[in-house]
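Enquirer: For reference, the structure I am asking about is given below.
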Amino acid sequence: MMAAGVSRFRGSLLGALLGDCIGAVFEGHTNVTKEFLFDYMKSLDKGERLKRVLTYTDDTAMARSIVQSVLENYEFNIEDLANRFTTEYNRDPDRGYGMAVVHVFEKLGSGEYKHVFSPAREQFDGKGSYGNGAAMRVVGISLAYPRIPDIIEYARTSGMLTHASSLGYNGAILQALAVHYALQGELAPETFLDQLLDHMKEVETDKKSRSDALELEMDEFPYCNKLRKIKAFLAREDVTRKDIVKELGNGIQAFESVPTAIYSFLRCLKPVSELPSELTNLQRTIAFCILLGGDTDTIATMAAAIAGAYHGEEQIPLNWKLSAEGYKDAEDWGEKLHQLYCRRLQSTTS
C-alpha cells in the first residue's frame, strides 16, 4: 500500500473543520431553505465572512486534542488523551459541549478515578453513551495509522473515554474506517461499502455489541444494516431528504449520524440536482448534510472529513479556508500526520 499525498491529509482536516464551522451555523434549524444556505455559501466565496471568523465547536476541539496527542506520542497514549480532553475543556468550555461529556471530564479531572474509562461507564445508569461524540472527533486516528487493526483498536479505545456503549464507539470505528478507505483514492462506492461491511460484521459480532443493540430494542448489527440501506439508496434515483432522515437519521446518536455522513459523501461524488453545479464535491457534501437538518455540524464534519481525504485540499476554496478558526493548525497538522503515516507505513513494509 502506498501512502496518499499530503493534500488528502490536509484536505481531511480542513474538510472536517469547515464542516463543523459551517454546519454549526445551521444546527438545530428544522427547515433550512436552499436559498438561505446558497446565499450563505456565496458570501463565503466572496470573502465576506473573513471579517468575522467562523468558530469551531466541541467537535473540532476534541478532534484537535486527538491529533495533538497522536503527533506528540508515537505510541497511542490513552492517559495523555484523557488529560488533553479535560485540559482543553477547562481552558475553553464554551464550545457547545454536551452535559454528559462535561460530567465525564469533571470526573476525569477530579483525580478520584484509578481508571480513565470509569467515568464513562457510570453514565446513563451504567449503560454508557451511544452519541456521536466519539465518531465526530476520530479523524486523527485514520490519518496517523495506516493499519486497519490499529485504526479499529484506537478508534474504539479513544471512544471509550466518553462513550461506554458499543453503539457509541462502534460508530467511531466506522467513521475512522471510512476516512481510511477514502484516503486510498479512487474507489467504486459499492466496493467502499463492501470493505466497511466486512470490517463492521466482525466488529459487531462481539457479545457487548450484540447485547447493547438488543437492550435498545434494535436489530443486531445496526451499523451493518445501515450500510446495506446506503447501498440500496445509492442504487435509486428517487431518494428524498425525508427518506434519508427517516432511514439513516440526522440525530445526535452515532447510529443516526455516522451512516448519514457516509451516505452524504458517496451521494455527492456525483452532481446533486438540487445543489449548484459549480460546487466542488466537498462543498456539495457539506451543503447536502446541512439541508438534511438536525445535527448539522457533526454530520457535516464527519462527511467532509471523508470527502477531504478522498478529494484533497484542492476542492476547498481559499476564502472558505481562510474564514475558519484554526485553519493554519489543520494545514500544519495535516503535513505532520502525513509524515507520521508514511513512517509507520514504511516500518510495516520494511
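Cβ from N, Cα, C; glycine included.
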Enquirer: Can you match one of Glu27, Glu35 to the Mg(2+) 2 site that Swiss-Prot gives for Asp295, Asp297, Thr298?
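Expert: Among the candidates, Swiss-Prot records only Glu27 at this Mg(2+) 2 site.
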Enquirer: With Asp58, Lys127, Gly128, Ser129, Tyr130, Gly131, Asn132, Gly133, His163, Leu216 listed by Swiss-Prot as substrate-binding, which of these, Ile22, Ile252, Ile262, is given for the same site?
Expert: Ile252
Enquirer: Restricting the comparison to the recorded positions Glu27, Thr57, Asp295, Asp297, which residue's C-alpha is spatially nearest the C-alpha of Ile252 (substrate binding site)?
Expert: Asp295
Enquirer: With an 8 Å cut-off on Cβ-Cβ distance and a minimum sequence separation of at least 6, pull the same-chain contacts of Glu27 (site 'Glutamate flap'), or say none.
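Expert: Same-chain residues close to Glu27 (site 'Glutamate flap') (Cβ under 8 Å, separated by 6 or more) are Asp295, Thr296, Asp297.
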Enquirer: For Thr57 (Mg(2+) 1 binding site), which residues of its chain lie six or more apart in sequence with Cβ-Cβ distance below 8 Å?
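Expert: Non-local contacts for Thr57 (Mg(2+) 1 binding site): Asp20, Cys21, Ala24, Arg95, Gly96, Asp297.
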Enquirer: Of Asp58, Asn132, His163, Ile252, the binding-site residues given in the record, which has the fewest other CB atoms within 10 A of its CB?
Expert: Ile252
Enquirer: In sequence order, which residues at least six apart in the same chain have a CB under 8 Å from the CB of Gly128 (substrate binding site)?
Expert: Ala120, Arg121, His163, Ala164, Ser165, Gly168
